[in-house]
Amino acid sequence: MPALVLLGAQWGDEGKGKATDLLGGSVDYVVRYQGGNNAGHTVVVGDQKYALHLLPSGILSPGCTPVIGNGVVVDPSVLLSELSGLNERGVDTSKLLISGNAHIITPYNVTVDKVTERFLGKRKIGTTGRGIGPTYADKINRVGIRVQDLYDESILQQKVEAALDAKNQILTKLYNRRAIAADQVVEELLGYAEKIRPYVADTVLILNQALEDDKVVLFEGGQGTLLDIDHGTYPFVTSSNPTAGGACTGAGVGPTKISRVIGILKAYTTRVGSGPFPTELFDEDGEALRRIGGERGVTTGRDRRCGWFDAVIARYATRVNGLTDFFLTKLDVLTGWEEIPVCVAYEIDGKRVEELPYSQTDFHHAKPVYETLPGWSEDITSAKSFSDLPKNAQNYVKALEEMSGAPISAIGVGPGRDETIEINSFL
Ligand code: IMP
């Protein structure tokens, strides 16, 4: 019953696509359990680079069944264009399964996301503008549209009208925008229905049966721990639960079924959008990390904010996710620095603090306390085992492991599929 959760241990963009893809060959199901097309995975297969936003990265592994779980929000137009883009490149997508309970990102959810951000001005969250937050808000408000609603026209009509009732008041009276016609939305959604139908399935039943049959199921988190709606840097977060518990609710499997929780951890830190980030760099080191690490959003094309590794964050991720392992990514990006600072604790109002403060105010005031580790200049991209790494790189990894509270079981030393050092097998 190997059920693995693979999730971001920081603010997302840790290189999850590479990790998922590495396991892809031996995994029977890859399941997305939250988020939507706000995620961005870059997967490199041979000389081909694939940017996926909504689809699970298992879609690129022929033996694997990709699953979009009930906890995901699905923009049907993005879904269909991502599928046809892959088909044009010869990728077979016919095995995809989509939960009938997944919620649909409607055109009005995208509109509301954009106008709300504009209205917030300086206080904006810096969302991806894809309608994610408003779709989850509709779900919680019980006015959401689910994939299964596409197959009952009269229910769909009623639900869209109900959802638009209040929204049109807000759009016209508060935001000074035009009202959205329910009929048009219904027509657009119905246009997607038959194209999506072949994929719609009872994914909860299928996944639980797969686990009974000893299949390997990988739950792939989008975004990252610090963007979690409950455990992240609220309100500068996404509107779902990327943390490990989200895999259970977002896919319909019980916590007793999960055997391993792997946190993807970048060898330094990045974040996009607004919100606190204690180790953020505003100097040439930050610029160099951005340039060498290619730190530009796959989904939004925005430059990522960059900073040194933060062990306080990593320890927090270990705790809230119950991590059993880390996959350390992008170690090669740090090659060439004579010394590498690592944040080991914070100073908050003159006091040293070892753990992430629960108070938002304290976290906003947190100043990083750095320890400096010696760097390395040798190219590490062809390293195949831990002992191939220069001594200082080995020590950097060991130091991070000790500070972060879980074993580092794999290390990414380059973007390619085979540029990974495996220390402990994940399966
Ligand atoms: P939303 O998910 O579009 O609502 O955006 C909320 C916050 O999460 C913003 O700060 C986004 O930049 C951030 N975010 C959403 N998806 C990702 C991701 O895949 N990687 C990194 N940040 C993300």
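Using the three backbone atoms N, Cα and C, a Cβ is placed for every residue, glycine included.
Given the structure is predicted, the values throughout are model-derived calculations rather than measurements.
Secondary structure from DSSP puts G15 (GTP binding site) in coil. Marked as GTP binding site by TrEMBL: 12-18, 40-42, R304, 330-332, 412-414.
Look at TrEMBL and you will find D13 tagged as active site, proton acceptor.
When secondary structure is read from DSSP and collapsed to three states, Q223 (IMP binding site) falls in the coil class. According to TrEMBL, the feature IMP binding site maps to D13, E14, G15, K16, N38, A39, G40, H41, T128, R142, Q223, T238, R302.
The annotation Mg(2+) binding site is assigned in TrEMBL to D13, G40. When secondary structure is read from DSSP and collapsed to three states, G40 (IMP binding site) falls in the coil class. Note: G40 (IMP binding site) has non-local neighbours D13, A51, L52, H53, G297, V298, T299, T300, i.e. same-chain residues 6+ apart with C-beta under 8 A of its own C-beta.
The annotation active site, proton donor is assigned in TrEMBL to H41.
Note: K139 (active site) has non-local neighbours V73, H103, i.e. same-chain residues 6+ apart with C-beta under 8 A of its own C-beta. Annotation note: K139 (active site) sits in a helical segment as assigned by DSSP. Per TrEMBL, the feature active site maps to K139.
The substrate binding site annotation in TrEMBL covers V298, T299, T300, G301, R302, D303, R304. DSSP assigns T300 (substrate binding site) to coil in the three-state reduction, placing it in neither a helix nor a strand. For T300 (substrate binding site), the number of other Cβ atoms no farther than 10 Å from its own Cβ, over all displayed protein chains, is 17.
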Where's the emptiest Cβ shell within 10 Å among the binding-site residues G12, G15?
G15
What's the CA-CA gap between V413 (GTP binding site) and T128 (IMP binding site) in angstrom, rounded?
29
At the Cα level, what's the spacing in Å between G301 (substrate binding site) and T128 (IMP binding site), rounded?
10
Top Cα neighbour of R302 (IMP binding site) in the set of binding-site residues G12, K18, L331
G12
Among N38, Q223, D303, R304, i.e. the binding-site residues, the one with its Cα nearest that of G15 (GTP binding site) is Q223
Among G12, K18, T42, T300, G301, D303, the binding-site residues in the record, which have a C-beta under 6 A from ligand 1?
G12
